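What follows is a single structure, written as structure tokens, with notes after it.
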């Protein structure tokens, strides 16, 4: 692990925040990290370089950073020439961030926007320009909801590079049938491909968390294989929730209420080339999408009484 952290990832010209300076800033602000907000700040320059290098952001990118905290990752992103919109829920940290950037490189401040907001309520009309990338050290307690919200709300986002709790990283990248495979694994693949990019030691954070972190990158599909409108996505996600709410049941039994009867459930599954005896935890995102679309072909309806769209009939992406 240590050898990974020492690797040189990319050259930065801005002086980054180290552990001593982060502690000094916290003391200056009379600030104590709150566990309820998942506030753990990365202070290791090599880790910051690694995250930025993995993201691949450049001058052409508008980066959405979630939970910038005291600004170590923000500085590195600005150093790459990107425009950065930093979304920080803590008002004290949000107010201090522009001053920190100005102190380290005054010329970069023009490319920084800070929003004192909860990322889960962020809407696209609040940003002057659509973001092309997300790069963040995500608070553990909101990692999955934040990822799904941002991918749905901002279709302009092409890549997501985040540090999350190692367990969350494993779940996001898990394959069908594995013990870590679950709702997050499937839903994030509705939007794009997921890959793990290594582990991150707890010692690079202040305060030191009790668990390892994982670095994850998500690349949105260049062209979505299925409709991306909110109604279609909601129906697919409903099937995912049903399947994993009863993950040890066979698919036939898990989808009885949704289909209306056991026989209809089996027929819809067979129409989608899914063995009714399979368990929900073995289904891929392709399986869930196909199940919904084949149900529509058979005349199945959603709870509002309208047939789910088949491929190519989706509304503009949200």
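Just so it is clear, glycine is given a Cβ too, placed from its N, Cα and C backbone atoms.
Source: prediction; values computed, not measured.
As given in Swiss-Prot:
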- 40, 42, 67, 88, 118, 137: S-adenosyl-L-methionine binding site (BINDING)
- 295-318: region 'Disordered' (REGION)
- 295-305: compositional bias 'Basic and acidic residues' (COMPBIAS)
Taking every protein chain in this structure into account, which of the binding-site residues 40, 137 has the most other Cβ atoms within 10 Å of its Cβ?
137
At a 10 A cut-off on CB-CB distances, which of the binding-site residues 88, 118 has the highest count?
88
State the count of C-beta atoms found within 10 angstroms of the C-beta of residue 42 (S-adenosyl-L-methionine binding site), not counting that atom itself.
24
Within 10 Å of the Cβ of residue 67 (S-adenosyl-L-methionine binding site), how many other Cβ atoms can be counted across all chains shown?
25
